[in-house]
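Down below is the structure, laid out as structure tokens.
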Amino acid sequence: MPDKKFSVVIAGGGSTYTPGIVLTLLDNLDKFPIRSLKFYDNDGERQQKIADACAIMIKERAPEIEFLATTNPAEGFTDVDFVMAQIRVGKYEMREKDEKIPLKHGVVGQETTGPGGIAYGLRSIGGVLELIDYMEKYSPNAWMLNYSNPAAIVAVATNRLRPKSKIINICDMPIGIMDRMAKILKLDSYKELDFDYYGLNHFGWWTAVRDKKGNNLMPQLQAYVREHGYILPDESGTEKSWRETFEMAKNVYALDPETLPNTYLKYYLYPQEVVKHSDPNHTRTDEIRLGREKFVFEECAKITESGTAANSAFKSDEHASYIIDLCRAIAYNTKERMLVITPNKGAVENLDSDTMVEIPCLIGANGPEPLAQGKIPRFQKGLIEEQNSVENLVVDAWTEGSYTKLWQALSLSKIVPDAGLAKIILDELVEANKDYWPELKIGRPEPVLS
Ligand SMILES: NC(=O)c1ccc[n+]([C@@H]2O[C@H](COP(=O)([O-])OP(=O)(O)OC[C@H]3O[C@@H](n4cnc5c(N)ncnc54)[C@H](O)[C@@H]3O)[C@@H](O)[C@H]2O)c1
Ligand SMILES: O=P(O)(O)OC[C@H]1O[C@H](O[C@H]2[C@H](O)[C@@H](O)[C@@H](O)O[C@@H]2CO)[C@H](O)[C@@H](O)[C@@H]1O
Ligand SMILES: [Mn+2]
């Protein structure tokens, strides 16, 4: 491998994923050598708590790496090769509203899907475009690997509004599911699987899973999923809401036994079942505040207070290893076959060319090269075209400042059963997001229903 060492900035350094990413970077310096690691965030206090602990991790494991945390974009984005973006515009305070406002009206309240995902998308577009502009101003040759959600809407927006920018939008849900497939097949890693997959982000299907000898593994996986979904014999470390999600995959699978589904399809195909199992007063954000967020900040405080990360409970994770694989593919032009979100350009024969599809691509120095996935069935085509229209209407609403387009997006979503209900939810979301959304000047009819 060439002996270049890379410079990375994590945008959203205060993210709960940051310690796992730092640890994974430190575990992979032989594969992906780095000379400089920076954190950038617009909440310096949150970020500093994570940075203080990560500084100790880096000092103990790789003291040669230059490390800093900053809220100054010039400092954060100058002289970087890769931007790992994982911001949450509005933070958990707004995610909680994304989840609880729709649920109050008996509609799915979720981070990246339905009204919650639309509200989050309208917040995220400006935040991610700002990161791209910083990157292009201070390090014009850098690549951005964006995890910031909702990746589907962010991908439509960045493709439309920054079409030439060096950004790849990614998701670790398919990786998480293929990790489970590997365990079901008693294999060591998802990397032992070859696969074909198509869809939008959080809205896709596997059409093929093979081993490295080319053997078809779909029948074995489908027989398992038909009975168990993606639930494994040992789920001791899995949170209740995630166990429900992995179990419901069998209900989604039942709708098309020829494929294997992404877990997120449950929100679109079984919204009533999801609402039935939801508590409008205790949602995923509440679980995270008591779980991941509490663990991460307590663990960081322990490291900072003790001055060592020697016995830290932090672990490398798939969230991070995927990003590093992507950086390597770009840095060394490896043409590795990876699942990313990219303009369709005919890869799915019967979808519009500009649809932002999540499909296998060859990743190299010039970004993704989509791999043809052929013609898709009427069922998936219908679902995808509807959801793709929702996502494009959200970007229209952002660019035009259009209340009407946003109301159309909510009304078109498979998750919202009625345009009058969509408007009631929308008006509450407009109020809740007044500090984040662009002003929606165009069209704001009087209430439809008395
Ligand atoms: N793509 C995927 O599959 C995937 C997987 C996991 C998490 N995520 C996403 O990663 C992001 C981080 O998740 P988390 O739970 O760690 O969130 P978090 O709230 O813990 O951290 C997000 C950080 O972003 C910062 N931030 C918010 N707006 C910003 C802005 N405009 N500029 C700079 N910094 C900003 C916040 O201050 C915070 O420190 C979220 O968008 C989440 O949805 C995506
Ligand atoms: O509710 P959260 O914040 O815990 O998770 C929401 C995210 O869920 C997916 O990412 C999962 C990933 O799929 C799984 O394998 C593991 O790494 O945990 C991740 C985060 O929990 C999804 O892909 C993301 O887009 C969501 O933000
Ligand atoms: Mn995702």
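For all residues, glycine too, the Cβ spot is worked out from N, Cα and C.
Of the residues ASN149, ASN159, ASN344, TrEMBL puts just one in the substrate site with ARG95, ARG284: ASN149. In this structure, the recorded positions that sit close to ligand 1, with a C-beta under 6 angstroms from any of its atoms, are ASN149, CYS171, ASP172, chosen from ARG95, ASN149, CYS171, ASP172, ARG284. Among the residues ARG95, ASN149, ARG284 said to bind substrate, no two Cα atoms are farther apart than 15 Å. If you check the recorded positions GLU111, ASN149, ASP172, HIS202, ARG284 against TYR264 (active site, proton acceptor), the ones with a Cα inside 10 Å of its Cα are HIS202.
Nearest in space to GLU111 (site 'Increases basicity of active site Tyr'), taking C-alpha to C-alpha distance over the recorded positions ARG95, ASP172, HIS202, is ARG95. Of all the binding-site residues given, namely ARG95, HIS202, ARG284, the one with the smallest number of surrounding CB atoms inside 10 A is ARG284. By the rule that a residue counts when its Cβ sits under 6 Å from some atom of ligand 3, the recorded positions ARG95, GLU111, CYS171, TYR264, ARG284 yield CYS171.
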